[in-house]
Amino acid sequence: MTASQPPEHRPGSEPGRHNLDPHLDRYAARTAGMTASEIRALFAVASRPEVVSLAGGMPNLAALPLDSLSRQMAELIAEDGLVALQYGSAHGVPGLREQICEIMAMEGISAHPDDVVVTVGSQMGLDMVTRLFCDPGDVVIAEGPSYVGALGSFAAYQANVVHVAMDDDGLVPEALRQALAEAARHDRRVKFLYTIPNFHNPAGVTLATERRAEILEICAEHGVLVIEDNPYGLLGFDGQTYPALRSMDPDNVVYLGSFSKTFASGLRVGWVLAPHAVREKLVLAAESATLCPPTLNQLVVSRYLSTHDWKGQIKTFRENYRERRDAMLSALEQHLPPGCTWTRPDGGFYVWVTVPEGVDTKAMLPRAVTARVAYASGTGFYSDGFGSRQMRLSYCYPTPERIREGVRRLAGVLESEMELVRTFGSVTTRAVSGPQFPGPDTA
Amino acid sequence: MAERTVAVLAGGLSHERDVSLRSGRRLSVALREQGLTVHEWDTDASLLARLRDERPDSAVVALHGGEGENGSVQTVLEMLGIPYVGTSSQGCRRAWDKPIAKALVAKADFATPKWTVLPHSTFRELGAQAVLDAMVDSLGLPLILKPDQGGSALGTQVVRDAAELPAAMVGCFAYGDTVLAERFIDGVEVAVTVVEGDEGPRALPAVEIVPESGVYDYTARYTAGLTDFFSPARLSDQAAKAVGELAVGAHRLLGLRDISRTDAIVAADGTVYFLEVNSSPGLTETSTVPMAMEAAGTSLGAVFADLVSRAVRRAS
């Protein structure tokens, strides 16, 4: 091969052969499933204003005081630019870590700022925790359904996910017990339980307070760590909060927090609170991943917390989201055909809808996009191909009017799909071909 | 002389928006390298005002599916008197509907796999199983299902077992109300680009498509590495000539203009089968049209810069 050959010609390949990826035989096994997908491509249409997107988990940033934020950011650069634009510690800005502890105290957590590691969104925290704990083939237990971004991280580290059932009160303790017993029977090593106890993504339910201690006890009995992911905990519509699992068992819970849903998702600032020994390793892992989280963004968050009425802002968000949740629930009641059921969240961003037998929400998505409405189909929230009868609807971003219009369109799509199912009979669900990877449309 | 300005129209609201945006970006870069001033415009509510106010010397339609290929956007450009690269609105309407294109090509004695076209309502009214049984009796298995309109293999399903048919039908009907069912022909899959020049339309070297999975579906099309391409295709001289003649023939028969891509299969017995034609073919990093241009010793930018000149001349 000479230097002038086009790069797409693989050494020793046949003349005229183009394989457009010369690195194909070099990739790690964990890249399996990182392929183009027509479902992902459909979300390019969902970003157009003509489409009511009930798919994405984007916070309603229009409720933020942008003028005042812009002044604060300008002042930050003027007054503290040499620090804000410089590398920082992998551990995170100390002042922000102290403020994070004050926030966590609202859900009963007593923590030392040294045990907090600031991350690039809690997604990075999730990635690092999985990296620290999971070898290929290890088992991770997660609710069924679970957050698509977590499933993507687990897949990237080649962990096997076992889903455990939920009901209206969240994760079912007995189902967890059975899953752990089953894993033990097959000699499979369970590394941790990944759980979103509050205003679950995507299910919209909350783990009942009385179940929390029991879940922790079961995990302790089986020597299983708990990863508590809590981005929505302060978004209870009545201002209600629930005791964090971390507050009940500090030694066996790693807690993930985020400013994405309570302030600004674009800043990508989240955190991990971990027992001391784990935290030491997290800092080293963070250093190798990013050197440090963005100093500028951390200082923006810190300044916002110290100069703005951030609790008042969260209240504003809660009121916005409650109004939108109400709009969605009443529209679902009014428009959805018989046989559909859905959860009724009292906080957070999502409603989890179950459609009649035979309808495959993934197969239906192109029809929905044609009708100018989008949702996240249920299979993305499972690692094992389940979820074809489910879909996640987000009410966080569209206005109440748009939500009502979106649900009206969705109902029409469902009616058409149900007619197809009546014509062709209940169809076999197409299996998920590989791990799902999160995009902004399913975050 | 001022630089020529070109509006590359890409995006739109079809299921192929993502592919179109990629085609549009790639084409825009290639045209800028040719010294043209390029605007990349989506087809939204601001498009008409932009076209009227800025009056580019030419538009290039890099829209795939929907309004970009069914003649609607072309009609608007014609009404505004803006020269554009690509097939006229009338030609688009013929090529866009796969069954119409197949019928016209078959009438000119080109081979095309046996097919049938059925709307959802037929299955509903006559009973799905009876109609599916008749379809299998008529076409045999395996067969391929496609929405009657649209591209990028969206909704396309290869069915090898009759038991898979109901689910495949539901998947296909998600993209449209009418299904084109076609006998599946085993053979060498090729894409042949036709480009018009002063001597009329000419076929570029055929590009052979060898998907790793055996099916050239959306994932195989747009994931680099999952498909091997051979350009020129590994065909006998006779077969290479025949696919070229088919592509130029289809281009002429359907009244296509400037550029098109014909997809075909060369069966083991040497028969060349027409599958479908695209009046606005993909121009992405994994598309076959840029590969064919490279095999012909030219480039995306050079070909489209020439087509822009032709469009401007055509209008003057």
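Cβ coordinates come from backbone N, Cα and C, glycine included.
Record features (TrEMBL):
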type: ACT_SITE; residues: B:Glu16; note: active site
type: ACT_SITE; residues: B:Ser152; note: active site
type: ACT_SITE; residues: B:Ser287; note: active site
type: BINDING; residues: B:Asp263, B:Glu276; note: Mg(2+) 1 binding site
type: BINDING; residues: B:Glu276, B:Asn278; note: Mg(2+) 2 binding site
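Note: the CA-CA distance between B:Glu276 (Mg(2+) 1 binding site) and B:Ser287 (active site) rounds to 16 Å. For B:Asp263 (Mg(2+) 1 binding site), other Cβ atoms within 10 Å of its Cβ number 22. A 10 Å radius around the C-alpha of B:Asp263 (Mg(2+) 1 binding site) takes in these recorded positions out of B:Ser152, B:Asn278, B:Ser287, in sequence order: B:Asn278.
In sequence order, B:Ser23, B:Pro281 are the residues near B:Ser287 (active site), counting only same-chain partners six or more apart with C-beta under 8 A. For the pair formed by B:Asn278 (Mg(2+) 2 binding site) and B:Ser152 (active site), distance between Cα atoms is given as 10 Å, rounded to the nearest Å. The highest number of surrounding Cβ atoms within 10 Å, among the recorded positions B:Glu16, B:Glu276, is found at B:Glu16. A simple way to gauge crowding: the CB of B:Ser152 (active site) has 24 other CB atoms within 10 angstroms, across all the protein chains here. Counting every protein chain shown, the number of other Cβ atoms lying within 10 Å of the Cβ of B:Asn278 (Mg(2+) 2 binding site) is 24. Under the DSSP three-state reduction, B:Asp263 (Mg(2+) 1 binding site) is assigned to strand.
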